Amino acid sequence: MRNYINIPDWISNYCTNHRAANGSFLTAIMHYYSTLCTLSLLTCCLAFPLPREAGKMNDQQWGKAQEYLKNFYSYDPEARINNLEDKIKEMQKFFGLPQTGILNTNTMEIIQKPRCGVPDVGEYSFFPERPKWLSKVVTYRVVSYTEDMPRSTVDHLVEKALDMWSKASTLTFKKVRNGNADIIIGFARGVHGDFSPFDGPGGILAHAFAPGTGIGGDAHFDNDEQWSDGSKIGINFLFTATHELGHSLGLGHSSDPEAVMYPTYSYKNPEDFSLSEDDIRGIQKLYGKRR
């Protein structure tokens, strides 16, 4: 028994006219539906723009953007479901940008900024499972230094950074000169033994690890950066150290631009620099308020 397809008159007329030119009604039908599919795909592409703004980003910037999302937002280009657009939106939400899912100019400006190497989360936040030091007396040791400042200056700025966190919490910090310590602080270049290599000047300035054994709590600073004690020439070490030592105590990144724990770097005047209310709420959630 033969089955027939009911073809609308307007399609039939199109196919009849096309058959006159091509000599086959079947060819005409195939041409019609091929054209229809092509138009449908074009409509979809126009309705759902690519994450990369056309003509505004070179290949190097495109590669940097994808690497940024892999490092700080768990983007996996090998995943079965490509989640690039979702990860762009997640980043845009964190930084208070319109959630377009497109790597536009404002989004790329954030990506180009120097920053901490720890991934982003949300408001004042903690590492998974909220690790923290069980003792209220936390030891630290500086094991290597930058050539940009005297060692005594580095020691003073580390002490000043820890003092900010101490005044906002119940913690006390004790410096040790030899042997082991809870927090090991040092400067390094490139690959330095923690599976998180530095990338040279700009980009990632430093990183630190959540409280714990082994490398836990340690803070590393990229020695390829130009560090300063607060002048506008070079990276402000006091601000960066206060941020990284916040990680060493268990804090994650904050989406509050006024917070020390905000992930990107911008110059802060060391004369009036202090923890924000967001930073203070975070550290007191972990360790309580000093009476």
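Note: Cβ is positioned from N, Cα and C throughout, glycine not excepted.
As stated in TrEMBL, the feature motif 'Cysteine switch' covers range 114-121 out of the listed 2-9, 114-121, 170-177.
Summary of the site annotation: TrEMBL records Ca(2+) 2 binding at Gly216, Asp218. Screening the candidates Asp163, Asp182, Asp256, Asp272 against this entry identifies Asp182 as the one listed for that site. Zn(2+) 2 is bound by Cys116, His243, His247, His253 in TrEMBL, and the record lists one more residue there from Met91, Met261, which is Met261. Model confidence over the domain 'Peptidase metallopeptidase' (129-289) stands at 96, taken as the mean pLDDT rounded to a whole number. The Cβ of Asp182 (Ca(2+) 2 binding site) lies under 8 Å from the Cβ of Trp133, Val138, Thr139, Tyr140, Pro211, Gly217, each on the same chain and at least six residues away in sequence. Sequence-distant contacts of the motif 'Cysteine switch' (114-121) (same chain, at least 6 residues past either end, Cβ-Cβ under 8 Å): 71-74, 91, 94, 196, 198, 202-208, 235, 240, 243-244, 247, 252-253, 255, 263-265.
The local packing around Gly216 (Ca(2+) 2 binding site), expressed as other Cβ atoms within 10 Å of its Cβ over all shown chains, amounts to 16. With respect to their backbone Cα atoms, Glu244 (active site) and Glu225 (Ca(2+) 3 binding site) stand 15 Å from each other. Comparing C-alpha positions, His247 (Zn(2+) 2 binding site) sits nearest to Asp218 among the binding-site residues Asp218, Asp222, Glu225.
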